[in-house]
Amino acid sequence: MTTDEKTTMSSLPDERRTPLIRRLTGANTLWIGLVLLVLVAAFGAIRPDAVFQVTTLQFLLAETAVLLVLSVGMTFVIITSGIDLSVGSVLVFASVSSALAMNVVSGGDATNAGWGVIGFGLLVALVSGAVWGLLNGLLISRAKIPPLIVTLGSFGAAQGAALLLNNGSNVSGIPDRLNRTFGSGTYFGIPNIVIVAAVVTALGALLLSTTRFGRYTYAVGSNEEAARRVGISVRGHLTKVYLLAGTLAGLAGFMGNAFFRVAVVTGHETDNLNAIAAVVLGGTSIFGGTGSVVGTVFGVFIPAVLEKGLVIIGVREFWQPIAVAIVLVAAVWLDQTRRRARNQR
Amino acid sequence: MSRPLLEARDLTKNYGTVEALRGASFTAYPGEVVSLIGDNGAGKSTLVKCLSGVEQPTSGTLTFDGEPLHLSSPNDARDRGIETVFQDLAVAPDLDPAANMFLGREILKPGVLGFFGVLDKKAMRRQASEHFTRFGATLQSIDVPIAALSGGQRQSVAVARSVAWASKLVFMDEPTAALGVVQRERVLDVIKRVRDEGIAVVLISHNMPEVLSVSDRVEVLRLGRRVARFKASDTSVEELVGAMTGALTQEDADQ
Ligand SMILES: Nc1ncnc2c1ncn2[C@@H]1O[C@H](COP(=O)(O)OP(=O)(O)O)[C@@H](O)[C@H]1O
Ligand SMILES: [Mg+2]
């Protein structure tokens, strides 16, 4: 027993809390945020003209928006000490089914379709994402199959199903109106797709940090048996978390349609790994129990900034994955060291 | 004696081929402290899990307050005012003590925010802080993860949590095992205070002087069965150890 344990709480002011600054510096999030800031500042100092150009920033943000939405769902999953390898494939599936559905209700080509069709397309994207998420969730929580295996399965299955839907080709005919407003449209210079991603992220952050749903997410990841013994429905909660991740992947698919004006069936094979990397870079523990959506935002932008920054300052972009890998491994190593130190008490 | 609060009869519990309980019986009367003792592997923790809804016995019957009782989940026990400090504590190490105390019983903000499930963290922290003070859990600060606390502090948090919610019965499975002398005294004090509020306490402990000083009665479990029952005032450490090792048996104890 250490001596400071003799201080009882009654001798302290009511609600004694660790000072804000100590809590912030103790969190991984702050450090990751600093890394991001330093990167931006460094690239900005080398080529201020190129880095702080409006179009550079717009592009960076828009390209990152889709990954951000996937990563918000992934944050919840990883905090429960799970993993979701299927997000990229589910995105493709949702994107293809939504584009096809819009075409079908417009008599074959939805290019000139109105808001009714667009709304229907959004619904189809969300529902198809949700269905895959629900399937993942049920297999993981009811059948007790490890998340890695379940989502490895749906990773392949959703991609295969998406290819089957349109014989392996991309789907065009995305409504112009959708592309103009959400794809290429901006609001005070910010691409609308980014605003959507920001709103989703903000809601996700609030859900995780202020609600009972968020608290149960941490509890299940921290000690599943403890959560069960206080009467939390662990199975139900896990199902909901994977359902959320699937639904967000569906939304991301719809955002992709709006941005690229086509539902593409390739190019999302590594979305899952990028999302996982972003979440872990952002300080969420791969062992579950801790993490934050804010951290994930930083984690999404670090690889993106590295990629753009290296190109702008003339370093070959092949260095980017190497740089990300180093930061990633360092982040996990730090987390592990911290946990080991903590568990030795 | 009055009518038993909780009575378990002939419980068996098999884990595969392991028979953890072989016809165990157990009785707790209202407002008493009863110690459950036995050698390692006697089945004490298994019995506690069966009586708090965490595990379902393979066979046997329970009565609570004179009514037949079936516990299909921990919630069934909690709804009846039964709380448990598990031997493995069952706390979420990444959550702070207040969050752990209110886990599964969160206070929500009033109104619309509450409808959306928004937590009233301030209220929970305040109540937890008062409660920990009252029940002698000494913590430097209330917003660090449980994992950052010492083993003893973690144990006091688990004890404080259980007595916060119990209205009829608390099981404490080796609640003093990791404690220093001062903290141990404090837990024993908590047990007496809970008992004085009319709540029955079932204490599991390997410390015989502790058992004799705090209990009203003692029940002994050996190889998955109850082998002896004593009034704490008429027994001795030698007698208890004799019953635990099988040197001493009581004819009618497993009834
Ligand atoms: N989950 C389990 N699976 C298999 N065997 C178990 C399990 N839990 C307990 N046992 C066995 O049941 C017996 C009783 O264990 P336990 O109730 O923990 O004893 P005690 O708490 O009295 O030391 C032991 O032989 C133990 O190995
Ligand atoms: Mg035990």
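Sequential numbering from 1, following the chain as shown.
Any Cβ shown, glycine's included, is placed from N, Cα and C.
Remember, TrEMBL labels are computer predictions, not curated facts.
Noted in TrEMBL for the protein shown:
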- A:29-47: transmembrane segment (TRANSMEM)
- A:59-79: transmembrane segment (TRANSMEM)
- A:85-105: transmembrane segment (TRANSMEM)
- A:117-139: transmembrane segment (TRANSMEM)
- A:186-208: transmembrane segment (TRANSMEM)
- A:241-264: transmembrane segment (TRANSMEM)
- A:276-306: transmembrane segment (TRANSMEM)
- A:318-335: transmembrane segment (TRANSMEM)
Interface check, the transmembrane segment (A:29-47) with the transmembrane segment (A:276-306), three or more C-beta pairs under 8 A: yes
Which of A:59-79, A:117-139, A:186-208, A:276-306, A:318-335 contacts the transmembrane segment (A:85-105) most, counting Cβ pairs under 8 Å: A:117-139
Chain residues outside the transmembrane segment (A:117-139) and at least six past its termini with a C-beta under 8 angstroms from it: 84, 86, 90-91, 93-95, 97-99, 101-102, 105-106, 110, 145, 147, 150-151, 154, 158, 175, 177-178, 238-251, 253-254, 257
Long-range Cβ neighbours of the transmembrane segment (A:59-79) (under 8 Å; 6 or more residues past either end): 87-88, 91, 147, 190-191, 193-194, 196-197, 200-201, 204, 208, 217-218, 221, 241-242, 244-249, 251-252, 255-256, 259, 271, 274-276, 278-280, 282, 284-286, 288-293, 295-297, 299-301, 304-305, 308
